[in-house]
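Working notes for the structure below.
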């Protein structure tokens, strides 16, 4: 047996440098748990001059790292989609183990990688929710269960913004600026606030839970950029919080996948998850509900997950990457057939008969009201009507909102949030 496993590290940014630091600082406990010493032999970066003082070779020659016969595991922390995918294929072709934190690459290429890998280990614990061991939970801890559903706060940036809006009555714009100032949001935060990042993670988790090869364009994705303080006020009034959730549900003949802002009851454990923290609730048919909570991003939490994969590979606990021999054939539930309760916000003319018109359209679409708030806008002839419904289907709700928008008394496009009870 080898006395040391050599790592080839691609990328020395926030996570890459944290991997190097932890491997050095915790080398004894890592060796005890892995049963072998683990160290970085070589790292590849774009600009060698920016990375000084490391006790291993640093170059910009990626091919030499792949070809180095002394390197046992390649760890990819470079970002992007196609370049990391090409690196993964070349690494696996050399029968070297591959570890990645790259959720976008896995969202698009996870099944191709599993087919390429054959019996060569691939680790990707760090690709979803950083320091939370949700990948291992689905692959191993819950493997005796049918996963009935899971839902989670999968993006720390959006959760921080919504937490600020809920607790401090901040506008979306101000909460986003605050997140950027603190380093929680990128200068271009589109992937976070539009739900794309959470959707990438949802696809990876759905592959593990259900064995399906779903595509990004097939699932319902909505972001948080249309949420306003009025929505938060309604949520507080009726005992809800608003969170961006990734949701998966198993039906007898299909799988339901969606990412969108959701109103959830304050009794729900996920409603208590604030700031940049992540959490995922998983329901198995035998174990019941389990909850996984922790830091979803950041250098050291993500590096911790990367190193857990390296240790797993060192122990030679290789297994199927996605936990299924072959992709399962269950289709996705059509978006228009989704069933839940809804919240809507309307800007209307402040005049008699408007609410009667709204109620009539909802009734025509078999939608019944649950809670209603009406807010006058001072020094104007306008008002806001905020309401929630009982359970209905997506098609009926969208049809009703379209009809409401066509009313002369409705002054702007109606806004909608789904309720996840």
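Each residue, glycine too, has its Cβ placed from N, Cα and C.
Feature annotations, reproduced from Swiss-Prot:
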BINDING   15, 34, 44, 298  NAD(+) binding site
BINDING   15, 46, 103, 298  NADPH binding site
BINDING   186, 197  L-homoserine binding site
ACT_SITE  201  active site, proton donor
DOMAIN    343-418  domain 'ACT'
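On the structure: features taken from Swiss-Prot.
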| residue | record | contacts (Cβ under 8 Å, 6+ apart) |
| --- | --- | --- |
| 15 | NAD(+) binding site | 77, 101, 126, 299, 302, 303, 306 |
| 34 | NAD(+) binding site | 5, 310, 311, 314, 315 |
| 44 | NAD(+) binding site | 8, 9, 10, 11, 58, 59, 60, 61, 62, 65 |
| 46 | NADPH binding site | 60 |
| 103 | NADPH binding site | 127, 128, 197, 200, 201, 204 |
| 186 | L-homoserine binding site | 157, 180, 192 |
| 298 | NAD(+) binding site | 14, 130, 131 |
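For the recorded site, residue 44 (NAD(+) binding site), the DSSP three-state label reads strand. There are 25 other CB atoms within 10 A of the CB of residue 201 (active site, proton donor), with all protein chains counted. Of all residue pairs in the NADPH-binding list (15, 46, 103, 298), the one with the greatest Cα separation is 21 Å apart. For residue 197 (L-homoserine binding site), the number of other Cβ atoms no farther than 10 Å from its own Cβ, over all displayed protein chains, is 26. In terms of DSSP secondary structure, the domain 'ACT' (343-418) contains 23 helix, 30 strand, 23 coil.
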